[in-house]
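Asks: Positions annotated as [4Fe-4S] cluster 1 binding site by TrEMBL: C36, C39, C42, C46. As annotated by TrEMBL, [4Fe-4S] cluster 2 binding site applies to C68, C71, C74, C78. If you look up TrEMBL, you'll see C141, C144, C147, C151 marked as [4Fe-4S] cluster 3 binding site. Under the heading domain '4Fe-4S ferredoxin-type', TrEMBL lists 57-88, 132-161.
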Amino acid sequence: MTVDVSRRALLRGRFDRTASLRPPWACDESVFTAHCTQCADCLQACETGIIVRDAGGFPQVDFHRGECTFCQACVAVCDAPVFRDPERYPPWPQVAEIGQTCLGPQGIYCRSCGESCEAGAIRFVFNAHRVPEPRVDTEACTGCGACVAICPTQAITVGPPMPSRREEAP
Ligand code: SF4
Ligand code: SF4
Ligand code: SF4
């Protein structure tokens with residue numbers, strides 16, 4: 001089996017926040033799409049129902065449907081060689097990012113994302129409007145996506161961290 005794990009391909013997949021987000025512990029994109037049979041067993045196994053098909057028929061995570069509990073059911077049900085060993089690797093390098101439609105910078109009080117984050121990865125600082133404004137602690141963020149659907153302005157996305165953050169993550 002030939003596996004394309006060139007650094008260029010790795011970086012392109014890791015830092016492209018617009019790419020389909022595969023289930024946790026998924027191998028690199030070229031390996032995943034080469035071996036995933038699109039059987040949809042992982043869609044059925046996911047306890048929170050966040051795995052859907054992307055435009056090409058491959059599984060992707062949609063955090064607007066819920067959060068990842070890291071239950072590993074998707075990995076366990078899959079017969080294809082498209083997942084890393086959960087006992088040896090972290091689920092993914094994904095972290096939350098808060099975009100420009102966040103209410104805080106606009107002077108409107110909102111703590112919805114912080115209240116949804118069990119990891120305590122969202123901290124609030126006070127801005128010129130004297131209202132709390134969220135900041136993501138990327139070291140504490142697990143990329144679970146629980147903060148995505150709760151945001152009233154859809155300001156939060158979860159995707160690969162910027163190169164300056166976790167470039168060394170496996
Ligand atoms: S269970 Fe495995 S082979 Fe089937 S769709 Fe999911 S990732 Fe692909
Ligand atoms: S780890 Fe569990 S909750 Fe997360 S995508 Fe897989 S099956 Fe769904
Ligand atoms: S993705 Fe999960 S851990 Fe990260 S900030 Fe959102 S709720 Fe917290």
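Just so it is clear, glycine is given a Cβ too, placed from its N, Cα and C backbone atoms.
Have a look at these and tell me how they're positioned relative to everything else.
Replies: On its own chain, C42 ([4Fe-4S] cluster 1 binding site) has P23, I51, P59, A73, C74, V77, C78 as residues at least 6 apart in sequence with a Cβ closer than 8 Å to its own Cβ.
Cβ neighbour count for C78 ([4Fe-4S] cluster 2 binding site) (all protein chains, 10 Å cutoff from its Cβ): 21.
Its own atom aside, the Cβ of C141 ([4Fe-4S] cluster 3 binding site) has 21 Cβ atoms within 10 angstroms in the protein chains shown.
Beyond the domain '4Fe-4S ferredoxin-type' (57-88), the same-chain residues lying 6 or more positions past its ends with a Cβ under 8 Å from any Cβ of the stretch are 1, 20-27, 31-33, 35-51, 142-146, 148-149, 158.
Cβ atoms under 8 Å from those of the domain '4Fe-4S ferredoxin-type' (132-161) belong to residues 13-19, 21, 50, 61, 63-70, 91-105, 109-126, 169 of the same chain, restricted to positions at least 6 beyond its ends.
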Asks: Going by DSSP, how much of the domain '4Fe-4S ferredoxin-type' (132-161) is helix, how much is strand and how much is coil, in residues?
Replies: 5 helix, 9 strand, 16 coil
Asks: Report, as a single number, how many Cβ atoms besides its own are within 10 Å of the Cβ of C71 ([4Fe-4S] cluster 2 binding site).
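Replies: The answer is 13 other Cβ atoms.
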Asks: Taking a cut-off of under 6 Å between Cβ and any atom of ligand 1, tell me which of the binding-site residues C36, C42, C46 pass.
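Replies: Correct list: C36, C42.
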Asks: Indicate the candidate from C39, C46, C68, C144 with the smallest number of other Cβ atoms within 10 Å of its Cβ, considering only these binding-site residues.
Replies: C39
Asks: If you average the pLDDT over the domain '4Fe-4S ferredoxin-type' (132-161), what number do you get?
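Replies: That stretch averages a pLDDT of 96.
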Asks: Just to verify a number: CA distance, C144 ([4Fe-4S] cluster 3 binding site) to C68 ([4Fe-4S] cluster 2 binding site), in angstrom, no decimals.
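Replies: On Cα coordinates alone, these residues lie 5 Å apart.
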